[in-house]
Amino acid sequence: MKENNKTIEAKNKELRDATKEFNEKLQKFLKDKVKKGFQIKNPNYKIDDNKISSNEVFKNNKNDFELNLPKNTWEEKTNKPESFENYKNVIPPYEDKFLPENFKEKFAPKNIKSEPLINKKDNLKEKNNNPVFDEVKIQEDDKFFDFSKFSETVSNQPENILKIEENDFKEIHDDFVSQYETFSKLETKENTNDLKTNLSSDTIKTIESKNEPEVQIESEIKDDSLEKEISEDDSFMDIFKAEQPDNQEDDSFVIDEEKAKEEYQEIKTNKSIVSDSHKIDIYEENEDLMKLNTLKSDKGIIYQIFGPVVDVKFARNQMPNINDCLEVKLPNNKKLVLEVALLEGDDVARCISMGSTEGLYRGLEVINTKNPIMAPVGSAVLGRMFNVVGEPIDNKPMPEKVEYSPIHKKPPSFDEQSTKTEIFETGIKVIDLLVPYVKGGKIGLFGGAGVGKTVLVQELIHNIATGHGGLSIFAGVGERTREGNDLYHEMIDGGVINQTALVFGQMNEPPGARMRVALTALTMAEHFRENNKQDVLLFIDNIFRFSQAGSEVSALLGRIPSAVGYQPTLAFEMGQLQERITSTKSGSITSVQAVYVPADDLTDPAPSTTFAHLDAKTVLDRKIASLGIYPAINPLESSSRMLDPSIVGIEHYKVARSVQTILQKFEELQDIIAILGIDELSEEDKLTVSRARKIRNFLSQPFFVAEKFSHKSGKYVSTQDTISGFSEIIEGKCDDIPEQYFLYVGGIDDVHKNYVAANSNNKVNSSNKPLNSENKSN
């Protein structure tokens, strides 16, 4: 009897071990099926809070293997089936406890009842949207299943939902039976019958409850069978066919090759769960994805925020394009504009913010405008001040009936560009003579604070408006807000504001705004050139800040820096801007760009890249400004490639070179004059110094925009009058006129008039002096 009890105890242990192994395989099998997208339609298996388990794994009779159902499932429905085949199509009720919050209300099919339907396929033929779980991820800390991806439209017919059928279960079942048979062969038939007799159903339930293993929730589940399924040797069609139930009776199951490819890539990508080193809050991610599923195709949600860089997640196949404009409605009813810079994986677009990201949070709705940033254009923008996205910043309402144009455009093609090289007359003597500007050219303006740069810019704006009927656009790129405010009010006082539009992206704004504000201003200028057929003057202050902002954006996007820390795409970005500044058959855009040279290093990549595009260089000198001569342009350091006899003419070229030669000789004599005095010079050098002083003074000019400061009327001098005036000085026709008569005049005629008037006054005064003395004596 004792031996018999030991035998039974040993057999019980063997049976428990076999049961335990069977349960492990069963649970692993079920988890893999759910992970691949199967819905468990067989109610024999239920999903608990932390594991998948089965009810009454086996019965006493090994040949009558089946899984028992919970009694309440079959109450008042049917008798307990005798075989697996009779209840394989039963649809169990939804398990609310493992679904995310509000999931059932939003996504559950409305025609599925809460109780099971038995063998009634005809009642489920109605079509409806039924999200099917594409993938199940397991979080180690939370111990629950989470559903991170849902298909958008899947038919509700049971034929289209893959189920765990008898043949899917057959492999595990056969393995268990073979182990049970091996166990049975250890004893005689009588002992086996005794074992069956002694093992009651209650005992089996007790064994199951004690030995059923807990599901190990790991951060990464490795399945050899799954690895085998997605190996490179297997084709995606074979894998997709393997997902079809072996005993599928309905012939409506059709293999879609494109869908098979997508599922193969998805299985291959998501075959392992996120590792511990890169945990994600899967539940929060699931909420974002659920929200995405309810949004329209042109909307996404904020996924990640770090500084001015914002990641936006979109629904699958709804990704925006590079440079697309995205809009975010902030809680304060304001609008934030993002520009798409990169397209990351997992349907994420990395964007650069055009404003402050304060107030943003994950899950906030984002609208894809499906267009680049749009800038206001047309006559409505004149006299107004805007930011990078075209919003007015002058405390005035948005202009009515304003047009919009994208800031990203291709430069004019070769056949659209003008082939003529035409000099752009500014009416400023020193520029037109020594540094002639070309229509559609780029001019670099070098000068520090307080040397008259703003006044020169205003005078150019005035002269192009009055002399050519042209317009001006001013782009403040990364400079001080104070300077922009001063410029705005000075333009109002100077009377040129109505011929100008101003666009500002100052240094306190994010790098995205500073990088794109020049394109916004250029877009406005292009509209006037093409639609109004006008000559436009585009001012960019400062072009160095444009390169600097691009460097910041490049670092934020994670690009590898190039020389001196600048972005590797510096030349490309500069070319995108500069190539659009040109002359076409309709009109021209002439750009004057202030250039800051860091540490006076002309080899710095930012200024050196700019120099390659410049046609002229205008240098403002503080020494000349200290002499009270304005505009304080240094005639020796400034240069232009337009100063060529084939372009400006032989006479213009000779006069300009003679002026530069005299000024250069005068510069060389400065040291001798400072040491020995001017009296020690030769007669020829004295004549050179005299003419140089007159030329230096004659390069000055009264400006229209400075009339209220200088109390002198502004002068616009044509190029021909400028050439003739300097020619007379060089030829010695004005040697008898003192140098003070050349200061702040227009043409050479004004010099003669002032001199004659002064002489006549002197004669009158000299003739009156003796008469007065005689009267006194008398």
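Cβ from N, Cα, C; glycine included.
Some features that Swiss-Prot has for this protein:
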REGION    1-289  region 'Unknown'
REGION    290-778  region 'ATP synthase subunit beta'
BINDING   GLY447, GLY448, ALA449, GLY450, VAL451, GLY452, LYS453, THR454  ATP binding site
For the ATP site (GLY447, GLY448, ALA449, GLY450, VAL451, GLY452, LYS453, THR454), what does the 8 A shell look like? I mean other same-chain residues with CB within 8 A of the CB centroid.
LEU620, ALA625, ALA632
Taking each of the binding-site residues ALA449, VAL451 in turn and counting other Cβ atoms within 10 Å of its Cβ, which one has the fewest?
ALA449
Out of GLY448, GLY452, which of the binding-site residues has the smallest number of neighbouring Cβ atoms within 10 Å?
GLY448
Drop a 10 Å sphere on every Cβ of the binding-site residues GLY447, GLY450 and tell me which sphere holds the fewest other Cβ atoms.
GLY450
Number of other Cβ atoms within 10 Å of the Cβ of THR454 (ATP binding site) across all protein chains:
18
PLDDT averaged over the residues of the region 'ATP synthase subunit beta' (290-778):
88
CB neighbours of LYS453 (ATP binding site) within 10 A?
21
